[in-house]
Amino acid sequence: MAEASFYIGVIGNVISVLVFLSPVETFWKIVKRRSTEEYKSLPYICTLLGSSLWTYYGIVTPGEYLVSTVNGFGALVETIYVSLFLFYAPRHLKLKTVDVDAMLNVFFPIAAIVATRSAFEDEKMRSQSIGFISAGLNIIMYGSPLSAMKTVVTTKSVKYMPFWLSFFLFLNGAIWAVYALLQHDVFLLVPNGVGFVFGTMQLILYGIYRNAKPVGLSNGLSEIAQDEEEGLTSRVEPLLS
């Protein structure tokens, strides 16, 4: 069983790495144009937070080194993304991004780690507390896929929900959910089970609306849809994250 979970975890690592790298095209555009334009930094800041907490969880939880390796990679990549955003963002946005990043990726992780280590002497309880926090954050971050699905139903168009991103959300959730079952890890199982369900729902919606006649978009809805298109790569980041 341990050997099976190892191979499943390796597959999960490969898929998660591909998902972490999926925003490269977006940031290549930012670098090329030397402007962040209308792109948002929050998805990458939140993904960095999730990756950092899961890295710590993998380090302090026996047998979960595959979780720490992929999320350590993810934290590094997301740090690069956020740094590029800060470099090319206008001054007013830079200051706002620094404030949010410091709050979520400096103060919050430190507070979470210090609080769990102060509250519990048992290492198992400490790791479980971090796992609970990480799983909760992942589930909250799934609000973005829900927004993408709402846009598809409203517009009857899958333009803003690319097939491959939905497919990898489905596949990533499935692989890590299986890994969690083999490892008997409920903190990995719950968020990745949710990711699998949302990925399945998105693939079903894609099948229903891929040939449907799109409905005209209002300006407000167009902006929402555009945001989804620009931020879709990070909407899957609750990946196991």
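Any Cβ shown, glycine's included, is placed from N, Cα and C.
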Check: Lys124 and Arg210 same membrane side, Swiss-Prot record: no
Number of helical, extended and coil residues in the topological domain 'Vacuolar' (63-69), per DSSP: 5 helix, 0 strand, 2 coil
Range from 4-24, 42-62, 70-90 with most C-beta pairs under 8 A to the transmembrane segment (162-182): 4-24
Positions whose Cβ lies under 8 angstroms from the topological domain 'Cytoplasmic' (91-94), at least six residues beyond its ends: 36, 41
